[in-house]
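**Student:** Please find one structure pasted underneath; my questions will follow.
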Amino acid sequence: MIEVKELSKTYGDKPVVNNVSVNIQKGKITSFIGPNGAGKSTLLSAVSRLIKYDIGNIDIDQQSISQWKNRELSKKMAILKQANNITVRLTVRELVSFGRFPYSQGNLTPEDIDHIDEAIAFMELENLENQYLDELSGGQKQRAHIAMVIAQDTDYILLDEPLNNLDMKHAVQIMKVLRRLVDELGKTVVIVIHDINFASFYSDYIVALKEGEIINQGPVDDIIEESSLKEIYDMDIPIKQLDRCKVCVYFG
Amino acid sequence: MSLESLCPMKQRYLLIVLVVLSVLSVFIGVTSLNISDITSLTDQQQQILWQSRIPRLISIIIAGATMAVGGLIMQQLSRNKFVSPTTAGTMDSARLGILVSLLVFTSASPMLQALTAMVFAVLGTMVFMKILDKIKFKDAIFIPLVGIMFGNIIGSITMFFAYQHDLIQSMSSWLQGDFSMILAGRYELLYISIPLLAVAYGYANKFTIAGMGEDFSTNLGLNHKQVVNIGLIIVAVSTSVVVLTVGLIPFLGLIIPNIVSIYHGDHLRKNLPHTAILGALFVLACDILGRVIIYPYEIPIGLTVGVIGSGTFIYLLLRRKAYA
């Protein structure tokens, strides 16, 4: 379990994350939602040790993040930020192989190679494995990066806006993969996501942030609810029930 | 997997060409020296061979490999295809270091000169990387321009003090690369590069990861700052060694890694040996060309590499959109 306790982070005099406490349950998809500038990405970056926080504490499996050795933590938790700004010319397979770096420091063992093959198969990238990343589409690139994270074989997988720049088909594909990671492999997934309908369809738990503070959190059904959404986004969002899921009609 | 199995084969061809040109290089020069005489050399020929031709060949190979690999590492760490020791102030800083050592320690031993040059090269390169950190506008062309300006500022400081102390002539010998002055006893400093290249190969995977950014490195449990610093020190030290013994060889660190990257990508474990061999091969070919084109006179290597290199560089710039 990841426990965030009274966490604050300030840039200059502007508090970006203010006194946030949240528990991230194992074996679930947790979505961070909220308007722009709510501090979602900052919170995710702090949890994944990419940025330092000012006040508070983060425990990962009962051990404070500051006490984790960097390399040990990289076998426990993986973070994927926007994948499209990487310009290095690597093949898909080479990229996925780097997921094993925390274990092998680059000298791949047969066990590492099994993990790499499995990750590539899980993301259905067999046909693309020897292609260079810069020859792929945005959706394929994103899948390659997720395959790397799968090869990294961590309990926790954190993703910052994984659907950015993807069309509907690829966005759905990525969300289904995340669902399978949780349901089939028992991973814990945390995402920052803008589209509340994707959050509604695919996540188990939602944390809503606004102006650096947690404004609401709970199981999906408690958050995807008209009064709660009005509070988060300052707009009236009608909700329609569609089979077992709720759809937010936020277009007007 | 298929790509990896292809690589060693092509590498083998490159090595064969390198060996052929190496043999050729030893037997080109004003004093005639024929392969057929190799078993019955006169004393004078023996001396030419061991005092001049072999040292020249060795220094060409080491300098070529070092500059190419230096460029490769810098491009990876700065995440920019157009950064190299010549476009990041590294070489200019090394020259400033040489001047300082000449001024401060009036009769500086080669070792002391080398050390000062290395320290300055490391510091200069780190200042450039700091500037790089601060620049928000990370355009592929803008960054090397900043590096060239930075190098020129350091170069003019060097020139200013060199004028004041009548050291212009001794400084200009480090301006243009030249292998004709290489003799036994004057190039051995270059051997420092060999262990550094070996260390660079050991760090190849880490450099590749560092090239994907700080967040990416942290995710994989890699200390990004430490790896970048180690890379810069390796580049700066080996570059200083080349500047001290051979002089400045422009464009090499720029074009060779870019060519290799097109065919073999940016996985350093895979393309570092390739880059080293191609760098050595390129300098060797340019050197042989420079020696035969106006025989019995010689064109300095800085010029041949500069002309061929700048042409190739323009070509790379024009086709940049296709791959960079």
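Every residue gets a Cβ built from N, Cα and C, even glycine.
Features from TrEMBL:
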TRANSMEM  B:12-34  transmembrane segment
TRANSMEM  B:54-75  transmembrane segment
TRANSMEM  B:96-129  transmembrane segment
TRANSMEM  B:141-163  transmembrane segment
TRANSMEM  B:184-204  transmembrane segment
TRANSMEM  B:230-260  transmembrane segment
TRANSMEM  B:272-293  transmembrane segment
TRANSMEM  B:299-318  transmembrane segment
**Student:** For the transmembrane segment (B:96-129), find every same-chain residue at least 6 residues outside the stretch whose CB is under 8 Å from a CB in it, and list them.
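**Tutor:** Non-local partners: 74, 77-78, 85, 88-90, 147, 150, 154-155, 157-158, 161-162, 165, 167, 170-171, 174, 189, 192, 228-229, 232-233, 235-237, 239-241, 243-244.
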**Student:** So are the transmembrane segment (B:272-293) and the transmembrane segment (B:141-163) touching or not, going by 3+ C-beta pairs under 8 A with a sequence gap of 6 or more?
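**Tutor:** No; fewer than 3 Cβ pairs under 8 Å.
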**Student:** Top stretch among B:54-75, B:141-163, B:184-204 for CB pairs under 8 A with the transmembrane segment (B:230-260)?
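**Tutor:** Most contacts with the transmembrane segment (B:230-260): B:54-75.
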**Student:** Taking residues 6+ outside the transmembrane segment (B:184-204), which of them lie with a CB under 8 Å of any CB in it?
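**Tutor:** Residues packing against the transmembrane segment (B:184-204) from afar: 50-52, 54-55, 58-59, 62-63, 65-66, 69, 73, 110, 114, 227, 230-231, 234, 237-238, 241-242, 244-246, 268-269, 272-273, 276.
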**Student:** Apart from its near flanks, which chain residues at least 6 from the ends of the transmembrane segment (B:141-163) lie with a Cβ under 8 angstroms of it?
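**Tutor:** Distant contacts of the transmembrane segment (B:141-163): 78, 80, 82-84, 86-93, 95-96, 99, 103, 124, 127-128, 131-132, 135, 171, 317.
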